[in-house]
Amino acid sequence: RALLWCVLVSAWGAAWGQLRYSVPEEMPKGSFVGDVVKDLQLSAIRDSSVRMIERSRTQYFTLHGQTGHLLTAERIDREQLCENLQQCVLRCEVIAEGEMQVYRIEVEITDINDNAPTFEFMELQENISETTAPGSRFPLAEAHDPDLGTNSVQSYELSSDEHFYLAVQEGPGGDQRPELVLAKALDREEVVFHELVLRASDGGDPARTGTARIRVVVLDANDNAPVFSRSEYTVRVPENLPVGSVLVTVTATDADEGINGHVKYWLKKTTEKASKVFQLDTETGVITLMQKLDFEKDDLHELDVQARDGGGLFNTVKVLIAVIDVNDNAPELTISSMQSAISENAPSGTVVALLHVQDRDSGANGEVRCSLDGGFPFRLEKSFDDYYRIVTSGQLDREAVSEYNVTVRAQDGGSPALWSSAVLALRVLDVNDNAPVFAEERYSARVSENNAAGALVLTVRATDADWGQNARVRYRLWEGRVRGAPLSSYVSVQAETGALGVITLHKALDFEDIQAYTLLVEARDGGGLVAHCEVEVEVLDVNDNAPEI
């Protein structure tokens, strides 16, 4: 038959960086949950600067890369996810990279009627003495339906029998507790067994049902019920208690003799999960741990233990097992967003990384302190909830330190404390904040006259502490005139010769014409910063003129 599903999705305002949606369980993978980008009034989904983070081990939702819609990443079973919770809420975060902003999203998973009531045992047995007075009541096993509200167990029915009828009591939590009521005195010599059928129905549309067969065994007289040694048993155990350990021993005695005084123990009204974690010895009353405890999942377990004698009389006692937290979870440190490089002229307080920390333990074991390695120009700032920001705390200088490896440590308050760490690698980008520097403020050279054009006069050297194009140095001569002729007609400097400025002759010099030159050389880096130096050139005389009479 065809089923028509109507998805009711509601989104509250994104005030204070939070959205809330509601979606039924069992929706197919890829089902629409909400328009996150629209509801948060974001527009950066196109350049992939908006992304979603889930802290759970299973990813239940995904953010569509084109539309910004929040979609289911898999089919969600509310009963499996939130077994004993009335409200099932999943949480995730959306990070807007460009804004360095985190938004929290809560999605409530609503119940549908996808489970039928079931009994722990399909066949039940009630042993009732033939001397039991009419009107006596016998608690029956309750049906379990993991659905909520009207989709859970709503009513019970009992097959027709003149000796019995069904009564349903309402428990403190509103649950229905079926009881078998004796309507007519039993006669074991007349009928030894009574076969009944108990049916449980939920309130879904259509309703789902489950049945259990009840065999009533009529016994001879037994006038003493078992009596427990305590009215309630309470035990506190650490969550790292080894599997196989004895938790507690319940003891009940019966004043009767023989089979009527022989007591056996049973777990009543227990969940399937509890029956896997704990084991009760029916003969000794010893409760043993069968699976590892986890405080972070369940910190308290309640068991109802029934002591029943051979004559069918019983008594019930509550056993409370409180789980004590131990420091078995190290803090989880996640780099949610970070920059890989930062300019050296970035102002103090610039955000370089966004971190998330959490510890699944409780109390002092779950209190996390974060710290940075000292000696670096960075500090930690609390953002909100469990988020921290790493920001610059002073001026950066690439020429002093060109790269930082910053270690972030998260340590809990346990004893001994557990910790985790993460390393952020951050490059410092250069800005042109250093002018070239000549090796000498003043240079001097001696050159013989009549040297050929292209002859080397001398080399000058200027260095720049910056990086890349900002450190690339070009040389040039400041123009001057000698006896009316441009200085560049005598000498020149090559603009780019690596780290050196090479000064050469354009034409031969004549000592008889001029004996010395003063040059001004400029060094300019790729960012436009300059430096100057003076070069004194002395012309040496050679014997190139005969005497004149």
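Just so you know, glycine gets a Cβ as well, placed from its N, Cα and C.
Annotated signal peptide per TrEMBL: 1-17, in sequence order.
Per TrEMBL, domain 'Cadherin' is recorded for 17-119 (among others).
Sorting each residue of the domain 'Cadherin' (128-228) by its DSSP state yields 3 helix, 50 strand, 48 coil. Residues or ranges marked as domain 'Cadherin' in TrEMBL: 128-228 (among others).
The domain 'Cadherin' annotation in TrEMBL covers 229-333 (among others).
Annotation source TrEMBL lists domain 'Cadherin' at 334-438 (among others). Summarised by DSSP class, the composition of the domain 'Cadherin' (334-438) is 4 helix, 55 strand, 46 coil.
The domain 'Cadherin' annotation in TrEMBL covers 439-549 (among others). Per-residue pLDDT, averaged along the domain 'Cadherin' (439-549), amounts to 83 for this model.
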